[in-house]
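Peer 1: Please read through the structure below; I'll follow up with questions.
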Amino acid sequence: MNLKSIVSWFKEHLPSFDVDVDKHFRTLRVRKYSQICLLISFIIICVIIPLMNYLLLTDKFFKICHHLKHHVFNRRSWVHKTHMYHKQSLQLCLICFVFTSFFVIQGANGDLLEITKRMGRISVALMPPLLFLTLRPSPLPHTLYLALLPLHKWISRIVVLESILHTWFYLYYMYINDTLYVKMRKLPNIYGVIALGLFLLIAITSVRYARRWSYRVFYYVHYVSTWLILVFLHYHARPGISYYTTLNVLILTGQIVYRLHITNVTRVTIVPISSSLSLLEFPLTDLPKKPILPGGHLRINIYHRNFLRRFFSHLIPFQHPFTIASIPSDNLVRLIIRNGHFPLRTNEKYYITGAFEPELSFISKPTVPFNITTKSSKNPFRNNSSALINSPLNFLIKAQRVFMCVGGSGISFGLPLLRILNFNGVNVRLLWVSRDYKDLEVLNHFKNNFEGMEIYISGTEGNEQDIEIDYIDYHDCAADINDEVRSISSSGRVSELGDNSMLSDGNPQPTEPNENTALLSKKSTLRNHHPPKTSDIPDINADDEIDFTYAFSRSKSRKNTAQGTLTTHSSFNGSSVFRQPKIIEPPAQDPCLEAAPKKIRIPAGVKVFFGRPTLGDKDYEWCLQTECDAETDSIQCCRWANQGRDHAEYLSQVWVLAAGPRGLIESTKRWATDGGLHFHGESFAL
């Protein structure tokens with residue numbers, strides 16, 4: 001087969017405008033496939049997605065998913081090495097492209113004119129599902145509206161692409177038939193060109209760099225253009241699309257009515273924490289919809305004194321989402337806000353909308369009085385006394401261990417969960433990555449049980465959205481046999497443990513590959529950290545202070561972080577470190593700069609590390625409940641008490657949560673996916 005025959009084959013099989021088809025039947029097929037596309041789209045969004053979210057919570061389905069992710073598609077498999085496996089964006093792109101391509105091409109019989117008409121009609125048919133995905137909160141069960149935004153973005157991209165192709169092919173069809181000038185003078189076609197221009201404007205401003213440059217411009221263009229597109233498409237489409245327009249208007253107006261219903265005005269108090277963080281407070285009674293679960297969020301808008309500006313803010317609700325850092329029963333609602341573009345003025349009025357509940361499937365509020373005699377609680381560490389059961393901190397927790405990673409102001413998501421999970425006897429670890437050690441001052445404004453909290457101070461400059469957590473995805477065959485794990489305890493000493501020691505009696509034993517080897521062969525290190533020499537650490541003094549003067553001076557913070565030469569004084573010696581309140585001395589600053597607080601007090605139970613954490617086998621061992629006490633001579637305690645049972649049954653009670661910057665959430669999600677664990681991420685970044 002030569003090149004000429006290949007070209008001729010394509011010419012014969014490619015769609016063409018020369019196909020002779022009855023105009024009436026062509027119109028019927030275009031309407032038929034667009035309606036089927038609309039119906040199936042709503043079935044996928046309203047039935048299949050919630051059903052999948054529900055099935056993931058069942059033990060049987062979790063075991064299947066765990067086996068596939070942790071064993072079949074582990075790091076040795078070729079599937080794991082592909083970008084498609086890890087990138088949700090690529091998966092959605094492929095699914096949306098195949099889905100729409102089927103309805104565009106199926107049954108067209110090579111008629112390019114019918115395909116062109118279908119592109120326009122299907123892009124209109126996808127508008128109601130596209131707008132439905134933006135509803136806040138989502139009416140779908142077991143579904144957080146933030147989790148639907150990636151699907152919303154890819155459907156919108158497909159709609160824009162089909163609109164462009166629809167316009168281009170129609171212009172070409174008019175040109176070859178010498179009707180371009182005549183057709184383009186008709187008003188409906190002009191409306192179509194204007195709608196395409198608005199689609200392109202939305203696409204350009206939706207690029208990530210444009211969004212980060214000016215989110216306000218992106219939002220205004222997005223909101224106004226959406227309404228205008230609905231109007232222009234209504235008058236452009238032939239035959240009419242009254243039912244599509246009705247659905248679109250109902251969705252948008254319903255969202256407006258609900259937003260106004262849960263919006264109120266409050267007067268806030270601003271408490272400065274550091275140069276980068278502030279605490280916003282207002283009474284719980286001013287919140288229109290009281291929160292039920294911890295980790296919810298609300299949306300805030302400025303209350304303008306000018307009536308016209310207030311009307312405009314209701315017309316185009318440019319709101320900022322913030323996670324509620326206080327627990328639902330507190331009298332004050334507290335928000336930890338990163339100082340930036342959002343203006344913060346104490347004793348001023350703001351519009352507040354919400355609260356919006358999180359989608360944490362393992363936690364719920366008891367709806368009926370708890371009977372002490374029943375065995376509804378599977379947690380053996382839970383105190384079922386009547387006084388604690390009647391506490392506002394009492395929740396039904398369907399998890400035994402919760403591992404959380406947050407970055408920057410994402411600590412708002414972790415603090416209320418940490419307090420409630422600790423109260424209900426759940427083993428919990430909270431890793432907070434922060435750039436500035438002064439942000440630790442925010443902990444003193446919250447009444448909390450900080451057991452299980454670890455703070456990693458990167459000491460680097462930049463935007464909060466650039467905060468990351470490391471997950472090095474590689475496989476070393478030698479590590480399966482003898483893997484040395486380096487970790488830093490609260491006393492600053494380095495403990496090295498091999499994988500074999502976890503299940504041994506003290507004598508070396510040959511290791512056989514097991515179902516946990518894939519993740520337990522990874523190294524858990526603290527990036528850019530060199531443990532200090534013991535001789536360099538002086539004895540702990542009576543003041544029990546932590547001095548960061550040489551660790552994070554302004555002139556050396558970037559250099560020291562890169563070389564891992566951070567230094568501590570009188571803070572990493574003795575097992576009692578971080579078990580009592582600590583006092584941090586800030587680094588020396590330039591005299592010209594504003595004076596910083598003399599000392600920063602850290603609550604008891606908090607562990608502080610330097611650098612950036614790396615997720616690995618030590619963290620997975622913690623999820624498996626196989627971590628060892630480094631100070632215990634005998635390693636008999638390292639045996640997993642229930643090693644005979646199916647470990648997937650236990651891991652179904654383990655959850656991994658992440659909140660904050662996109663990079664941190666993606667790394668945590670990949671680590672949790674490779675381990676076959678439940679994962680929930682929450683990010684307001686678009």
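Yeah, the Cβs are placed from backbone N, Cα and C, and that goes for glycine too.
According to Swiss-Prot, the feature FAD binding site maps to H320, P321, F322, T323, I324, A325, S326, an assignment based on sequence analysis. The compositional bias 'Polar residues' feature in Swiss-Prot is assigned to 501-516. Taken from Swiss-Prot, the feature N-linked glycosylation site covers N371, N383, N384. As annotated by Swiss-Prot, region 'Disordered' applies to 490-516. What Swiss-Prot records for 57-89, 150-157, 208-216, 289-402 is topological domain 'Extracellular'. Look at Swiss-Prot and you will find 36-56, 90-110, 129-149, 158-178, 187-207, 217-237, 268-288, 403-423 tagged as transmembrane segment.
Context for these features, please: burial, neighbours, distances.
Peer 2: Neighbour count (other Cβ atoms within 10 Å of the Cβ, all protein chains): 17 for H320 (FAD binding site).
A mean pLDDT of 85 is what the model gives for the topological domain 'Extracellular' (57-89).
Residues 45, 88-89, 92-93, 96, 126, 129-130, 133-134, 202-203, 206, 686 of the same chain, all 6+ positions outside the topological domain 'Extracellular' (150-157), place their C-beta atoms under 8 angstroms from a C-beta of that stretch.
Long-range neighbours of the transmembrane segment (90-110) within the same chain, counting only residues 6 or more positions beyond its ends whose Cβ lies under 8 Å from a Cβ of the stretch, are 13-16, 19, 21, 29, 33-34, 36-37, 83-84, 118-119, 122, 126, 150-151, 154-155, 157-158, 162.
The list of residues near the transmembrane segment (217-237) in space but at least 6 beyond its ends in sequence, with Cβ under 8 angstroms from a Cβ of it, reads 120-121, 124, 127, 131, 187-189, 191-192, 194-195, 198-199, 201-202, 205-206, 210-211, 245, 248-249, 252, 316-318, 686.
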Peer 1: Applying the under-8 angstroms CB criterion, which one of 36-56, 129-149, 158-178, 268-288 scores highest with the transmembrane segment (187-207)?
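Peer 2: Counting Cβ pairs under 8 Å, the winner is 158-178.
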Peer 1: Looking at the binding-site residues T323, S326, which sits with the largest number of other Cβ atoms within 10 Å of its Cβ?
Peer 2: T323
Peer 1: Can you tell me the three-state DSSP label for T323 (FAD binding site)?
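Peer 2: It is in a strand.
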